[in-house]
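Some notes on the structure that comes next.
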């Protein structure tokens, strides 16, 4: 599995389109409602490409629910990165490989 | 040569971008994007103009319609910043509105064709969440379109972190 992360609108999906296989996006939204983050990460790791938007780079939200959601999203990203063969972080459309090697392009 | 310098608030991106320009030959232009609303803004602008005059920058005000800028001679230009310019085009009565990103990109092309070196300063504001709505989301999308298109177009892309330049593309321009 290749895990692609990066800020909002940083070109994650556009980058992912170069690679074949099943792809799931916006997994950061799934973290808040998950009873078990590890199990969620295991399920998501069955995809070839998993995409999450980084949401932990702002000020701590005032709302408790939003705080918890942000926390869960960050933890999920760590669990996914640990399971990934390749981790890519996007920045203004430019990929940086943080772990492993990129799969073959299609 | 086109160089894009990005960073978060108070990351040192402006200072670094300016240091790149100071290494180049004259003339030097500073393309200022701030809209002057009141006396406080005006005083700030006057102070910054004076500081830059010592560094031999000629200031060109372009809070809107960058594509109309005419530089008197070929040299180096520093545009600061794209976050401001995009917001102006998006929200000002005389701006491009929903075509803000396209207008900013056309403006950058017009300026790039008039100088040897163009250094663009832009803003990183995309890591605080993913569920923005309305005007904020519209702004983030427009600025991301500007940043991503210019990162693809630029010879050098530099992210400034705590005052330290990290190159994602190219390297320190000669």
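These residue numbers are counts, starting from 1, taken along the chain as shown.
Each residue, glycine too, has its Cβ placed from N, Cα and C.
Taken from TrEMBL as is:
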type	residues	note
ACT_SITE	B:48	active site, GMP-histidine intermediate
BINDING	B:7, B:8, B:9, B:10, B:11, B:12, B:13, B:14, B:49, B:50, B:51, B:52, B:61, B:80	GTP binding site
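The secondary structure of residue B:9 (GTP binding site), as reduced to three states from DSSP, is coil rather than helix or strand. Here the Cα atom of residue B:7 (GTP binding site) is found 20 Å from that of residue B:48 (active site, GMP-histidine intermediate). The full span of the recorded GTP binding residues, B:7, B:8, B:9, B:10, B:11, B:12, B:13, B:14, B:49, B:50, B:51, B:52, B:61, B:80, taken as their largest Cα to Cα distance, is 25 Å. For the pair residue B:13 (GTP binding site) and residue B:48 (active site, GMP-histidine intermediate), the Cα-Cα distance reads 16 Å. Local packing around the recorded positions B:13, B:48, B:49 was summarised as the count of other Cβ atoms within 10 Å of each Cβ; on this measure the leading residue is B:13. Other Cβ atoms within 10 Å of the Cβ of residue B:11 (GTP binding site) number 19 in total over all chains.
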